[in-house]
């Protein structure tokens, strides 16, 4: 007779224990269970998982929750495609449900490479509740991670948070860390929820700080991420690799070169392991901050390189317009025997596009399929359209779009419109833009492009109608924003903004710059100013563009000869491009501007792009 069970034991566990006590499995069944578990532990391929499944079914272990748990865990790691069919076939009402099994189901689905499996992960938590199985502290990190991956369904995550509170696990450090991650994945509107969880925690772990820093980066609040990192240092918590990756992402977004270099020195000083992932991130960050040579030095010092490492260096040269060097790295990679992937070819084609290397670009595009069996994607076709357009080959770009094997997307059409504007094909550009407006009526870029076409042709009435249409639909043009890093601080400027503490001095400096430019004979390119103003007012509107405010600020705050670095969220307009060339000569400064497309290095009145942009 087995000993009496404790009265406090939950009913489902009492039944399980009574069942086990009343029907001790014979030694043969126990041996079969152990043998099946050993088979599953060694199952590293789909075939091995299926062999283990065959033994499981033959031995009558299909209702054994321990064996099923091990089977699902093995399938998740070795054969993801088998996971859902196995669940559908084996998870019957006769299978006893316990927390270990459900946790494994949630985790296996949440970490699956298959989107369909990830979408199902959170659905197993209700199964646990319906089966009267209590969740434990391991349940909620898996569940919340699954909720974070649900697109457009924050309600499920809020319910999961409520359940964690109800069962008393919301204050567990691992659960809280995952809550921060989940809320930050839901977007900026939920970031306050992440910060609320963060502020209530005992922040002794680097994981907690990293989760919140990563949340700020994902929300586009990179300055806040850097500020929080400084708080972390002041609190005495040692950053780990994940923290460093988050800070590097913030530095890349801000173009904060000094911060990026400091992080590189910090990694060396603190002995943080320089994994391939971290080195790749450092290469990418230094390149996006304008230090291509520093990025190449990191690459050359790597003991192990992946295709991502090579891609990062090629992208670095591409952003600088150094096409020949980018192609040289690609050829070096081929010699090293590293097979390229489709992402790397985007970098190579972009490099050829920015350097005007049309023949080379066409050759690499053709080689994708012929030499490497890589089917070009729409992004590769977009690179080719951009390449032809920049080179003034508008007709060839149009023909290329017409012969594409897939339907062109809005990005390709807008690229074609930009080429039409740059090379005087305004009628064609207008026609394409009108078609874009019909197909994508909510996208502000299409309205702005058509408005600018009307401005170039001095059709002010039509231009005003487009602006009214935008206003009626509540569509607003994205404001120009420029960022500079100075003495460890990041300063942000928006066109016409007066929020900076030194805005009066900055505006006086801008006016001085305008006088100097006029003295040199610079004439503002007023044709694309967004309002129908007289020439003097148009020049004034151009004068307060965000990059000019940023440059004026740095001129005020730094000694002669200091390099100026600006990061802009939009492409530099033609007037600012011409004006900055003159500013670099008047004030004897090297001015580096990173727009959303590439780097421009202005020095002595010239730009590194050779006006090929």
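Don't overthink the numbers, they just go from 1 along the chain as shown.
Cβ atoms here come from the backbone N, Cα and C positions, even for glycine.
What TrEMBL annotates here:
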{"type": "DOMAIN", "residues": "521-613", "note": "domain 'DYW'"}
{"type": "REPEAT", "residues": "205-239", "note": "repeat 'PPR'"}
{"type": "REPEAT", "residues": "275-305", "note": "repeat 'PPR'"}
{"type": "REPEAT", "residues": "306-340", "note": "repeat 'PPR'"}
Helix, strand and coil counts within the repeat 'PPR' (306-340) (DSSP): 26 helix, 0 strand, 9 coil
Rounded mean pLDDT for the residues that make up the domain 'DYW' (521-613): 81
Residue distribution over DSSP helix, strand and coil in the repeat 'PPR' (275-305): 22 helix, 0 strand, 9 coil
Secondary structure composition of the repeat 'PPR' (205-239) [DSSP: H/G/I, E/B, coil]: 27 helix, 0 strand, 8 coil
